[in-house]
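Colleague: Could you have a look at this structure, given as structure tokens, before my questions?
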Amino acid sequence: MADSKTERGVKWEVRANDHYFHQSCRRKSFLCFRWGRYADNVVRSYKYTPLTFLPLNLYEQFQRVANLFFLLIVILQCVPIIATIPWYSTMLPLLFVLLVRGCKDLATDLGRRRSDGQINRRPCDILTPEGFKTVKWKDVRVGDILQVHKDQVIPADLLLLCSTEPHSLCYVETADIDGETNLKFRQALSVTHTELNGDSVKQNLAAFDGIVWCEKPNGNLHSFKGELHWKGERHLLDTDHLLLRGTVLRNTDIAYGLAIYTGSDSKILQNCGKLKLKNTQVEMLLNKTVLVILLFMITTALLLAVGAGLFEHRVSPKYDVVSVLQRDSSPAYLGFITFWGYIILLSPSMPMSLYITFEVIHMVHCLLIGWDIEMYWEDNNSPAQARTTTLNEELGQVGHLLSDKTGTLTQNRLLFRQCFIAGHIYGDMSKELKPLDLSWNRFSCGGLKFSDQRLVDKLRERSSPECQEFFTALALCHTVMSEWRDGLPHYQAASPDEEALVCAARELGWVFLSRTRETLTISEMGLTRNYQLLALLDFTSKRRRMSVLVRDPGGQLKLYCKGADIVVLERLQRDWPLQESTERALELFAQGCLRTLCVAVRSVPEALWTEWSRTLSQAGTSTGNQETVLEEIYDQMEKDLTLLGVTAIEDRLQEGVPETIATLRRAGLKVWVLTGDKTETAVNVGYACKLMDPDTILIQGEELRQLLESPSPDVHVMSKEPEVWITDRRAVKSKAALVISGPELAEMTKAPEWGAKFVALSDQCQSVLCCRVTPAQKAEVVEMVRKHSTSITMAIGDGANDVNMIKTAHIGVGLCGVEGSQAVQNADFALAQFRFLRRLLLVHGHWSYYRICILLRYFLYKTTAFALVHIWYSFYNGFSAQPMYESWFISLYTTLYTSLPIQCMGFFEQDVSTKSCLCWPEIYSIGQKEQLFNPLVLAITLLYSVYTSIILFFIPMGILQYSALDYQTLAVTVQTSVLLTMTVEVILHTKFWTKYSVAAVVFSLVAFFLSTLALHSTRLFTASPKDYFFLGASPNAYSTPEVWLTICLTTCIAVLPSITIRALGVVLTNPNKHKIHSSNKPVELKSWFQRGTLQRRSSYAVSQGKGFGKLITTGVGLPSTAPPQDRRVTADSLKKESPQGSLIEMNSGDVAC
């Protein structure tokens, strides 16, 4: 028995109501050790426990090479023979860095704990011997039987046992799992429905002792294989019997389920893998620079150690005092000891505190993004969120923006706006929309954004049989389920398009009331009519249409069909009337970015129906490929159709999308749109949102293939007209856009050289449209751009189907849309509206890049210049590794004296204002070109630090070496010059002064002088002469005018290059002048797909998933409640939306606006 189960792949055993069995196999853990089989239902996204926080956090922090390096330095400083400076001079800064980082990690982890606690404390009902008891989610165990109420989130993966609906059906909303807002049905086994339902359902469930054998926990959301063993029988289980954790129960009062997978074993948590670790280009370059500094430091220490050995070998014997101090050590041994001494002495050149400052500034930038009131959307109380704190500067370097369309550029709220019936276009698309008076319709719920009194008059007067037949088709041809609330019908549809059409028919008098397995009941202008449902030809993404075969009250058989224009029009009768006007109507709807659907009818003879139904029954019992057979049978019925009309649904653009895309294009971003929609819809949305100019040509199909197959490695697109008055040659772009479909992309991935050519070709065009692409292909496109381009990629989307590309891109942005929250949960940044992207990139992105680049350059400059002084001093102290500074100055230099001014620069610095960033988006190119942080800039910065260190040492040394002042006075003079030089550099770099910036500069100077005087005081010397041996050095030095003159001269010469460069920049820079560029175009590309032609179709408006046809034809899950009596609600009960558009009428092929 066990072997057979293993062969069938069912190894996971769940016993209903057997708490002892599951408790004995409960999964447990201690530290990193885990044992047991069944997980509890507790969500644990946190990393630390009180026992593991300290060791685990320290382990993580010492993964950084800089922290590990300084730990080794502290260990070396504890060896007296090589300790050139006291151990605390490095230990204190290291402890500060570890403490700040540890506190940050702890705060982040506590936030995770709070979030986990909110989920774990959600209430649910489980079955106990005393009945159902309300407990918390965390108390649910495998084998428990749960009672889930309507609109509750399901707490674990449950096997549906029964529900209060007919046939134990229930509906779930899966938006948080797959991004789809339409409902999906689940149904219990007939045996559990029959045996467990009834008046004594609690007693039946308590006595239920079935055993489930199923597959082990896995992350496959769309498959489930299992068996229920009960009462000696075996029943097969699949996904239709499983309620997944995270879904929401809808349209079902109560459902009962058996917990199969809990906690980390549930399918949704199995899919919550770790996000890819993303490092910015700036940080990667910084790490390389630090590595170069480390190699330079080791090399320098080695050379100085050689110098120490030579000094001992050749110079020391000449001086008895030096020979006595060395205690007869060999030159090699002395050089070895000196090498480690210099490693300790030069260690401050490694920017230890840079990393912590780097993280603090990143966190502040994230807070500033969240606090920006201009990116707050009041409608759903959604501020901008920075969910990742390490990518801020890359927001200012984005070169490619790859965007989803539906729900990202559009609102994903579908409105019935126009229709074409019998040669006429109805519907007012003007901005001043006049609402219809629907007070005569007792079923009206309001919210209709359609306005054309002519159509209403024809329907009420019954003067147009075509219009009546058209809306009869809309009221009958669907898989919508009705639910009555407050005396009015409310609909649940397999797609938002279907719901929009049925609701529009309801508002205009053709009201879908209810359905059973064999009937459809509608109200036609107050007259209730029952239609016999003979067959439902359900929608599939391959068929792209659906049909219903009904018998009307008069006994006539009719087939109503709706679907994509390309599939419906080819099934019409030959030489069908109004062909030209229909084509023009489809073109006009497409130009208005409306999603279209063709509606048709066919009168079916009784003999044909009898023969066809017999064939259909035989197909239902066939054992072959049933879907293919059914499609062929459906095709036999769906032909010789008569067109009734065309519907036009608006998926309105989000507010500010055209302006945002136009501004981002000016900023130099290449915007790509990746969508599952058809080409025509994507192209029209591209024109509407200013992704392309009106005169842009489209390169696609065979034309694009020829360019990619060109043997030349360089492909160029030439525009028709010369560009003039261009100041930036990079802006000279061809008025062309690339359009590619999913199958073409799949073919391109097989030829890697095509990917490189495609990306190179896209750089010469305005934009790229990728149509009919799958979620996996979206990620492949992002990967292709990353592979063949050096620019930073950003992916933005709002649904679960966008998660792959969001994770793949350098930066992922999730929109808080209507397709669930998975995109936001996996994104680096979260926004409420696409238009906020302009401010996120052009303002916060540019500022972050500018601030962080200035911070890094200054940090490298100040630490390197500070440390290199020791090298120059070595030539005067016999390479003895004696420090130039006082030990306490070395400890406090980075952590106290120079930290606050540069942090304020990192927090608040602005090279241009918010208004300037938005008015002149071309400024954004600074980050795209990496002008502020590149190898050349870093080399110049390091060379400048070398110059500064030479000035800081040799000028004071040259002035004071022949005076009566001692070493300690020289040390005070040099370290004061160092601090003043670094402070002046900060002042020169700061362009945007705040009160905090001023306070930081003042505090640093005051802190330095006060602490220096205190550290050189008699009291501290008396307490610890070994640690505070600069007794009275600073009072004596500061009382000497010669010292102050030396400090002033040194500081002025040190910052002279910086001042000179700024002065020359002001004097020599000429204002930009317009230049005229012209070019002779050897090649002119033309596309067959031109704007304004009749070749385009608008998009197919039906969902790409299966409908409820199977449920309806099997007669399960249909509400038994009859429509209640007359009851009205006002239009205010629905949310209002702003209209736009124009009025068009068409008659017999003529168009009149």
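Here, residue 1 is simply the first one shown, and the rest follow in order.
The backbone N, Cα and C atoms fix where each Cβ goes, glycine too.
Marked as active site, 4-aspartylphosphate intermediate by TrEMBL: Asp404. The annotation Mg(2+) binding site is assigned in TrEMBL to Asp404, Thr406, Asp798, Asp802. Here TrEMBL flags Asp404, Lys405, Thr406, Glu498, Phe539, Lys562, Arg595, Thr675, Gly676, Asp677, Arg772, Lys778, Asn801, Asp802 as ATP binding site. According to TrEMBL, the feature compositional bias 'Basic and acidic residues' maps to 1125-1138. Marked as domain 'P-type ATPase N-terminal' by TrEMBL: 35-91. As annotated by TrEMBL, domain 'P-type ATPase C-terminal' applies to 824-1064. Feature annotation from TrEMBL assigns region 'Disordered' to 1115-1141. Taken from TrEMBL, the feature transmembrane segment covers 65-88, 290-311, 331-348, 858-876, 932-955, 967-988, 1000-1023, 1043-1068.
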Colleague: I need to check the long-range neighbours of the transmembrane segment (1043-1068): which residues 6 or more away from its ends have a CB within less than 8 Å of a CB in the stretch?
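Modeller: That would be 944, 947-948, 951-952, 955-956, 959-960, 965, 969, 972-973, 976-977, 980-981, 984-985, 988, 1037.
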Colleague: Counting across all protein chains present, how many other Cβ atoms fall within 10 Å of the Cβ of Asp802 (Mg(2+) binding site)?
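Modeller: Taking every protein chain into account, the count is 33.
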Colleague: Quick one: do the transmembrane segment (331-348) and the transmembrane segment (967-988) have at least 3 Cβ pairs under 8 Å, skipping pairs fewer than 6 apart in sequence?
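Modeller: No, the transmembrane segment (331-348) does not contact the transmembrane segment (967-988).
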Colleague: Suppose you look only at the domain 'P-type ATPase N-terminal' (35-91); what would the mean pLDDT be?
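Modeller: Summarising the domain 'P-type ATPase N-terminal' (35-91) by its mean pLDDT gives 79.
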Colleague: The transmembrane segment (290-311): which same-chain residues, six or more beyond its ends, come within Cβ distance under 8 Å?
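Modeller: Same-chain contacts beyond the flanks: 65-66, 69, 331-332, 334-336, 338-339, 342-343, 346-347, 349-351, 860, 864, 867, 871, 874, 878-881.
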Colleague: In Å, rounded, how far does the Cα of Asp802 (Mg(2+) binding site) sit from the Cα of Asp404 (active site, 4-aspartylphosphate intermediate)?
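Modeller: With the alpha carbons as reference points, the distance is 7 Å.
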Colleague: By a simple count, how many Cβ atoms lie within 10 Å of the Cβ of Arg772 (ATP binding site), its own Cβ left out?
Modeller: 17
Colleague: Nearest to Asp798 (Mg(2+) binding site) by Cα distance: which of the binding-site residues Phe539, Gly676, Arg772 is it?
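Modeller: That would be Gly676, the closest of Phe539, Gly676, Arg772 to Asp798 (Mg(2+) binding site).
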Colleague: So what's near the transmembrane segment (967-988) in sequence-distant terms, Cβ-Cβ under 8 Å and 6+ beyond its ends?
Modeller: 858, 861-862, 865-866, 869, 884-886, 889, 893, 897-898, 901-902, 905, 948, 952-953, 955-957, 960-961, 1001, 1004-1005, 1008, 1012, 1030, 1033-1034, 1036-1038, 1040, 1043, 1046-1047, 1050-1051, 1054-1055, 1058-1059, 1062
Colleague: With helix taken as DSSP H, G or I, strand as E or B and everything else coil, how many residues of the domain 'P-type ATPase N-terminal' (35-91) land in each class?
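Modeller: Going through the domain 'P-type ATPase N-terminal' (35-91) residue by residue, I get 26 helix, 2 strand, 29 coil.
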Colleague: Looking only at C-alpha atoms, tell me how far Arg772 (ATP binding site) is from Asp404 (active site, 4-aspartylphosphate intermediate), rounded to the nearest Å.
Modeller: 12
Colleague: In the structure shown, which of the recorded positions Asp404, Phe539, Arg595, Gly676, Asp798 has the fewest Cβ neighbours within 10 Å?
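Modeller: Ranked by other Cβ atoms within 10 Å, the recorded positions Asp404, Phe539, Arg595, Gly676, Asp798 bottom out at Gly676.
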Colleague: Other than its own, how many Cβ atoms are within 10 Å of the Cβ belonging to Thr406 (Mg(2+) binding site)?
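Modeller: Neighbour count, Cβ to Cβ under the 10 Å cut-off: 24.
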Colleague: Closest to Thr406 (Mg(2+) binding site): which of the binding-site residues Phe539, Arg595, Gly676, going by Cα position?
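Modeller: Closest candidate to Thr406 (Mg(2+) binding site), judged by Cα separation, is Gly676.
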Colleague: Determine, using Cα-Cα distances only, which of these binding-site residues is closest to Asp404 (active site, 4-aspartylphosphate intermediate): Phe539, Arg595, Gly676.
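Modeller: For Asp404 (active site, 4-aspartylphosphate intermediate), the spatially nearest of the binding-site residues is Gly676.
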